[in-house]
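Asks: Once you've had a glance at the structure underneath, I'll fire off some questions.
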Ligand SMILES: Nc1ncnc2c1ncn2[C@@H]1O[C@H](COP(=O)(O)OP(=O)(O)OP(=O)(O)O)[C@@H](O)[C@H]1O
C-alpha cells in the first residue's frame, strides 16, 4: 500500500497590505509609503528623510480591492492545500487600526446579519478573506469528495493569555431553547474559558472547545458571525475592546484519503486575526492601569510570537524555539516552522506617524518569509502504525524468502533491520520490490555518528527545557510569597505549563534513551559485522551503557512485550507522572486529571495500534517472523 503520509517543504508566504489614509488622519499625517505592485517593493519614508526598503512576493496599496487581495494573494492555494489534507493557517499581523479585521472579515458588519433560511451571508465585494475561503473550500472539497467530506468549526479568542470559546454561548442558547427558557436567559456564558493542554498526538490544544458540524458554507459563516457577535458581547462584559484580543477561527475538514482507500484524512485551517501591537504612548489619555495591563499582555504574546519568528528564521543550528512562552504561540506551533501551509498578511498604515510600527511589522514579515514549514498530511496514528507495520511485515517476508532460498548470507543483516524498526520504517510497496538493506562497516559508523548527533541535539534541548523549568519554578515560588487570588490563578496556569514541560522533558529523555540504545545496537551490529569480516577498526564513540546493552541484546531480538511497550501511547504518559511523583494523572489523550478524578484506562485504548480489522496482530506476526529469521540465521552460520 502506498504511503499516504506525504510531505512538502514550503516557505511561509507573506503578503503586505497598506490601507488607504482615513479621513480623520488627513489633518495630521501624510502618506509615507511608496509601493510597487509589480516588483513587490515597499519604501518607508519619514519626515526626516529616512528611507527603508523591503521586497515581498505580493504588496497591495490602499486602492487594492478585497477581490484583488484574495486573487493575487493566492488564497486559492491555501484552499487547495486543505483539500489535499495539509493543515493551513492564515494570520493577519500589524499595528492596531491597520486593517487586519478588514482584510480577514471584511467591511460589512458581519455579526448583524440574521440567521435564517434564505438569508445567507453577503457576497458583496467588501467581504474579506475568511468568507471567501470558506465558500471556495466547500466548493472544491465537495467537487472532489461529494458528500463524503465533513466540515466543522470552532472559534476562540485569546485575551490576556486566557482562551475563551466564542461558540460555547451557542450551546447555552441551544440548551435554553430546548428547555423553553425565556430568551433573556439565552446570553453567552462567560464560563467559556478554555484550558490549554498538551499531549503527544495533538501537542497543544484547548480542552473542551466546542466544535460544530456544518453542512454548507452558509452554516459555517453563520457560526462565524455568531462568534464575532459573542466576541463583542464578551468584550463588553470583560470590559475590553475586541481588537485587543487575538481571535482564531478553526475549520476542520474530514475526507476520504486518496492514497489509502478506505482511510480518512483530516486537515484544519486556522484563520487568525491578531490583536494589534501598539506603543503604550499612543493609547493617549486612556492608558489607565487596566489598559496598561492589557497592553502588557498583548505585547507579551506578540513579543513571544516575534521571538518565535526570529528564532525560526535564525541560521543558527539547534536554536530553542519558545513556542510555550504564550498561549498564542503554543496554538500556532504547527503554523510556524511546523507542518502547515502558512500565509502571513502584514498590515500597514500609510500614516507617517507610525513609521516605527510599520518598520517593525515589515522586519518581522521579512523574517517570517524565510521560515520553511514541512507540510505533512495528517494521518490517523493507528492507521499510520498499522500501515508501517504491514510494510515491515512485507519486507521481512521477502527477506525470509531470500534466506530460505539461501540467497542472502545471514551475517549481512545481523543485528540491523530487526532493531531498526521504530526508527527506520522501511517503505516497500510489494514484497518483490522489497530489498534487503545492504550494510557495510562505513554505513554503520555513519549511522552511529548521525544518531549521536541527534542525541546531542536532544540533550541541548533537554538542557533548555530544564532551564525554563527552573525559571517557572522560580516564578511559582515568588507567586507563593505574594499570595492573593490573582496570584493563585496565575500560579495554576503556570503549573499547567510546568506539567506540559515536564511531560515533554520526559518524552525527550525517553527519546534520548532510545537513541542511546540504537547507538549500542549499531555498535554491536558493526562490531559483529566487522568480526565476521575479520576487520580491526573500532567504533569512534562508545556509550557508558554499552556492555549492558550488548549482553541484553540477543542477536538484536525484540520480544512482543518490548515491541508493545515501544508502540504503547498511553502507558508512557502515565509513567511520566508516576516517575515525577506529582499528584496528577494523564489519560491516553493527554488530558491532565486531578488525582481524585483519575480513571483507569481500559486495555484496548492503551493498545491503540496492535490489532487489525482481520484479527491479526501485526506485532505478534512481526515477532514470529523475527524469531524465524533469527533461527534461520543461526542455522546458516553454523
Ligand atoms: N483596505 C482598506 N480600505 C478601506 N478602509 C480600510 C481598509 N483597511 C482598513 N480600513 C478601515 O480602517 C479602520 C481600521 O481597520 P481594522 O479595524 O480592520 O483594523 P485592525 O488592524 O483590525 O485594528 P485592531 O488591531 O484594533 O483590531 C476601519 O475603519 C476599516 O474600515
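Just so you know, glycine gets a Cβ as well, placed from its N, Cα and C.
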Asks: For which of the residue intervals 574-596, 597-619 does TrEMBL record region 'Disordered'?
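Replies: The listed stretch tagged region 'Disordered' in TrEMBL is 597-619.
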Asks: Quick one: sort out which of 86-105, 106-125, 126-145 is the region 'Disordered' according to TrEMBL.
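Replies: Going through 86-105, 106-125, 126-145 one by one, TrEMBL flags 106-125 as region 'Disordered'.
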Asks: For each of the binding-site residues (94, 97, 99), count the other CB atoms lying within 10 A of its CB, then report the residue with the highest count.
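Replies: Of the binding-site residues 94, 97, 99, the highest Cβ count within 10 Å belongs to 94.
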Asks: Averaged across the domain 'Kinesin motor' (11-371), what pLDDT does the model get? Just tell me the whole number, please.
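Replies: Mean model confidence (pLDDT) across the domain 'Kinesin motor' (11-371) is 80.
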Asks: If you count other Cβ atoms within 10 Å of each one's Cβ, which of the binding-site residues 95, 98, 101 has the most?
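Replies: Max Cβ neighbours within 10 Å, all protein chains included: 98.
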Asks: Residue 100 (ATP binding site) has how many other Cβ neighbours within 10 Å of its own Cβ?
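Replies: I count 26 other Cβ atoms within 10 Å of it.
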Asks: Can you tell me the three-state DSSP label for residue 100 (ATP binding site)?
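Replies: DSSP call for residue 100 (ATP binding site): helix.
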